Amino acid sequence: MPSNISTDCHFACSSLCSLQRKHETQEYYKPRRRKKSRNSATVLEKAQSMPGDTNHNSTNNISPEVELFQLIMYTPTFTLGLLFNVMALSFLFFKAKKLSESTVYMIALIFLDTLLLFTLPFKIISYHHPNTWELGSVFCSILESLYFVNMYGSILISLCICIDRYIAIGHPFTAPTLRSTKKAAVVCAVICLGVSAGTVSTFQLHDEGHNISSCFHNFSKSTWENTALFSALETTFFGSMTAMAFCTVQIVRCLRKRRKPDNPQTYATRAEKIVVANFITFLVCFTPYHVTFFLYFLVKNGIMHMASQPKLRDILQITLCWANLNCCLDGVCYYFVLKESLESPLQKSERTARKKLDPHATFGDAFTKTTGS
C-alpha cells in the first residue's frame with residue numbers, strides 16, 4: 001500500500017513538472033511569435049509602399065528634387081498669376097464700357113484660372129508633408145475638384161476663344177448671326193456646368209472607407225483603371241488642340257490676306273502674333289503633361305512595361321506643375337491686351353504722339369480690331 005502511494009506521488013510530481021516545463025516552453029516561444037508577427041507586418045507595410053503603388057497606405061515617392069522644383073514653380077505661379085488675373089478682371093469690370101463676346105470668354109477663363117490658383121498653396125503643403133493630411137477628406141476632395149475641373153474648364157474656354165476669333169475673322173458675314181454676348185455667356189455656363197459634373201469623379205479618386213492621408217496624389221487603383229475618365233480627359237485636350245490648330249492656321253491665313261500692299265506691317269501682323277502666341281502657350285503648357293499622363297496610364301495598367309516607373313511618376317508631377325504655369329501666362333497676356341485696348345482716348349493720343357514714327361498698331365488695338373471688341 002505505501003509503495004502504491006509513493007508511486008502515485010512520484011507520478012503526480014512528474015506530471016506537474018512536465019506541465020510546468022511545457023508552460024515555460026510556451027512562454028519562451030510566445031514573444032518570438034509576436035516578433036515574427038511584427039516583422040511580417042513591417043514587410044507587408046514595405047510591400048504596400050513600393051514605388052508606383054497607389055494604395056491608401058503608400059508613401060509619397062516623389063524625389064526631393066521634384067519637390068524643390070514644385071516649390072520653385074508654384075510660388076511665382078501663384079503670386080504673379082493671382083496678381084495679373086485680378087488686375088485683368090478689374091479692367092473688365094471697371095473700365096470696359098460694354099462687354100463683347102471676347103471679354104465674356106476672358107472673364108470665364110480668368111475666373112477658372114483664379115480658382116485653380118487658390119488650390120496651389122494646399123498642393124504645396126500636401127507634397128511637402130506627405131501622409132499627414134489633417135484637413136479632412138471632404139476638403140481634400142473639394143480642392144482636387146477645383147484643381148482638375150478648372151484645368152479642363154480652362155482648356156475648353158481657350159478653345160472657345162480661338163473658335164470665336166476664327167468666326168469673327170474668317171466668316172465676317174455670318175459672324176453677327178453666330179456671335180453675341182448672350183450666346184457666349186450660355187456657352188461658358190454650359191462648359192462650367194459640364195466640367196462641374198466631373199466633381200463626381202474627383203470625389204472617388206481615393207479608396208472608399210479610408211481616411212485620406214495624402215491629398216493630390218496616391219490615388220486608388222480603381223482610379224487608374226477608370227478607362228472612361230482617362231479617355232474623357234485625353235479626348236478633351238487632344239480634341240481641343242486639334243481644333244485650335246485648325247482655327248489658328250485659318251486666322252493667320254485670313255489676316256495675311258488683309259495686309260495692305262503698301263504697308264504690310266499693319267495691325268494684322270500684331271494680331272497674328274497674338275493668336276500664334278496664345279496657341280504656342282497652350283501647346284507648351286499642356287502637351288507635356290497629357291503625353292506623360294498617357295504613358296503613365298499605360299504603365300499603371302500593365303499595357304506598357306517600364307523599369308523606371310518612379311522616374312515616370314516624377315516626370316508626371318513636373319509636367320503637371322508646368323501645366324499650371326498656363327494660369328499665370330493667361331493672366332499676363334490678357335492683362336496687357338486689356339490695358340491697351342481699354343485705354344482712354346487721352347492716353348491713346350499721348351501714346352500715339354510718342355510713337356509718331358511707328359505706324360504699327362498696338363498689341364491691344366490689334367486684338368480689339370480682330371475680335372470685334
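The backbone N, Cα and C atoms fix where each Cβ goes, and this holds for glycine too.
What TrEMBL annotates here:
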type	residues	note
DOMAIN	84-334	domain 'G-protein coupled receptors family 1 profile'
REGION	28-58	region 'Disordered'
TRANSMEM	71-92	transmembrane segment
TRANSMEM	104-125	transmembrane segment
TRANSMEM	145-163	transmembrane segment
TRANSMEM	184-203	transmembrane segment
TRANSMEM	237-255	transmembrane segment
TRANSMEM	275-299	transmembrane segment
TRANSMEM	315-338	transmembrane segment
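Outside the transmembrane segment (145-163) by six or more residues, the chain places 102, 105-106, 108-109, 112-113, 115-116, 118-119, 123, 184, 187-188, 191-192, 194-196, 198-199, 202-203, 216, 233, 236-237, 240, 243-244, 247-248, 275, 278-279, 282, 286, 323-324, 326-327, 330 with a CB less than 8 A from a CB of the stretch.
Among the recorded stretches 104-125, 184-203, 237-255, 275-299, 315-338, the one sharing the largest number of Cβ pairs closer than 8 Å with the transmembrane segment (71-92) is 315-338. Within the same chain, residues 101, 104-105, 108, 112, 141, 144-145, 148-150, 152-153, 156-157, 160, 164, 226, 229 sit at least 6 positions outside the transmembrane segment (184-203) and bring their C-beta atoms closer than 8 Å to a C-beta of that stretch.
Taken as a whole, the domain 'G-protein coupled receptors family 1 profile' (84-334) shows an average pLDDT of 83 in this prediction.
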